[in-house]
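According to TrEMBL:
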type	residues	note
REGION	1-177	region 'Disordered'
COMPBIAS	14-26	compositional bias 'Basic and acidic residues'
COMPBIAS	35-72	compositional bias 'Basic and acidic residues'
COMPBIAS	116-126	compositional bias 'Basic and acidic residues'
COMPBIAS	138-155	compositional bias 'Basic and acidic residues'
COMPBIAS	165-176	compositional bias 'Polar residues'
BINDING	282-289, 364-368, 428-431	GTP binding site
DOMAIN	449-462	domain 'SRP54-type proteins GTP-binding'
Amino acid sequence: MGLFDIFRRRSKKNKDEEKEKQETKSVQDQQQATEESKSVEQEVKQESSHQNEPESAAKSKSEDSKADETKDSSVSFSKDSQNAEKTKPVAQASTPDVSEAVETGGKPTIDPSKSNVHDEDKKQEGPLDTGVTGKAQTIDEKPVSDVDDHSKVPEAPETAGMDSETASESGATQSYEKGLAKSRSSFGQKLNALLANFRHVDESFFDDLEDMLIESDVGFETSMKIADDLREEVKLQNAKKPKDVQNVIVKKLIDMYDQAGNGENPAINLAKSGPTVILMVGVNGVGKTTTIGKMAKMYKDQGKKVVLAAADTFRAGAIEQLNVWAQRDGVDIVKSKPKSDPSSVVFDAVKKARDEHYDILMVDTAGRLQNKVNLMNELSKMKKILTREIPEAPHEVLLVLDATTGQNAMTQAKMFKETTDVTGIVLTKLDGTARGGIVLAIRSELHLPVKYVGLGEKVTDLKPFDPNDFVYGLFKGLISE
């Protein structure tokens, strides 16, 4: 299956997943709205019931009190009538109270039921009885910070539910999409502007297409070849509409990229036994030392035993910078004084790596221009020392290129390839440029595999090169269905 077929499948899968996510989110929003509505209704009902409780309680007590008073007055009236009957012969004009006083020896009799009623009335005049007797108890309130807020449920990450391998692949794909956003946007805008300016696909269109590809750092030779091939492809497919022409252009670019990468192995060539020696070369300022630090961290996380060699003894601060990376990554380092012989550092490092059974030895070298004969000779001297101590070393000679320099990076790569045995490319700062097309130029014109790409400033943003993820990140959204 070619890269374009993989690209189309991933594009369709991505659209289906986005559609499914939107539908799921819509359902979740509706459910949340329904739950919030129910919650509000319950709160309103609870508040209403709390307001009605005191009124009903007071009304109930009032009715009970009236019933007690009616009962007491009825009992009292019955007793008074009986007393009145008994005292009638003695004093006809006496009132019920006077008759009671006479009967009880001059002291008025207090009705126990009336006394109880008065006591209850006095109780009701005070605060509402809570049913708790004794001293008030102090309740220790839990601090607000200790109370769990269940209303805020953290959102599950997109990689939730995936196994570690699938989650890692998903993270790598997202890194490519994010890191190549500038290149994708720039290329898409240029392509859309080109198609908008032409009503017919004629010779002028292909001339402008060729210029556009060169400006995108696809490379002069590669741009001419693409333009020539597209002339025939557009005729064969009878593409006339802008979106049809755009599809043909993107498909051709992906096919050429696929063909240029045939037989390449983007993986690092690891030694079958003993330490794997990786020699890093390049001009000043491309990010060699930083790349070594990131790669060392990656290998350390894979469980490998790593040692670094600080053979850049010329640049001020280079040794200290690599030492900081070694401490941060938790790996060992072999270093010497500034301005010392870098070959001696390489000798000490390779001897340590071999004798102490390290898995990876990474050698940082001084930045050197490809036209400086003495510096290139020094690089050859270091390679001889490595080969003498470990016959197959160095296993990789990685040329670090700054993607933001465009065609200047291509010139550097051509010169380094002629003077030393470069085995692969590390392309840094891809996230900070719109010149992602340089990868196609490197593969088409130099036939050198890209081993790693820098897609951001974080340590984890240095990724092993994946052609499928790169193509998808560079051309995503540029194919019209």
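Cβ coordinates come from backbone N, Cα and C, glycine included.
A map of TrEMBL features onto the structure.
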residue : record           : DSSP (3 states)
Gly282  : GTP binding site : coil
Lys288  : GTP binding site : helix
Thr365  : GTP binding site : coil
Leu430  : GTP binding site : helix
- Item | Residue distribution over DSSP helix, strand and coil in the domain 'SRP54-type proteins GTP-binding' (449-462) | 3 helix, 6 strand, 5 coil
- Query: Do any residues of this chain, six or more beyond the ends of the domain 'SRP54-type proteins GTP-binding' (449-462), have a C-beta under 8 angstroms from a C-beta of it, and if so which?
  - Reply: 175-176, 178-180, 261, 264-268, 287, 291, 293-295, 297-298, 396, 398, 403, 423-431, 439, 442-443, 470
- Query: Between the binding-site residues Gly282, Gly285, Thr365, Arg368, where is the Cβ count within 10 Å the lowest?
  - Reply: Gly285
- Message: With Cβ-Cβ distance below 8 Å and at least 6 positions apart along the chain, what are the contacts of Leu430 (GTP binding site)? List them in sequence order.
- Response: Gly179, Leu180, Ser183, Ala403, Gly436, Val453, Gly454, Leu455
- Task: Give the sequence-ordered list of residues that share a chain with Lys288 (GTP binding site), lie 6 or more positions from it, and have CB atoms under 8 Å from its CB.
- Result: Met280, Val281, Gly282, Asp312, Asp364, Thr365, Gly367, Val400
- Query: What mean pLDDT score does the domain 'SRP54-type proteins GTP-binding' (449-462) have in the model?
  - Reply: 90
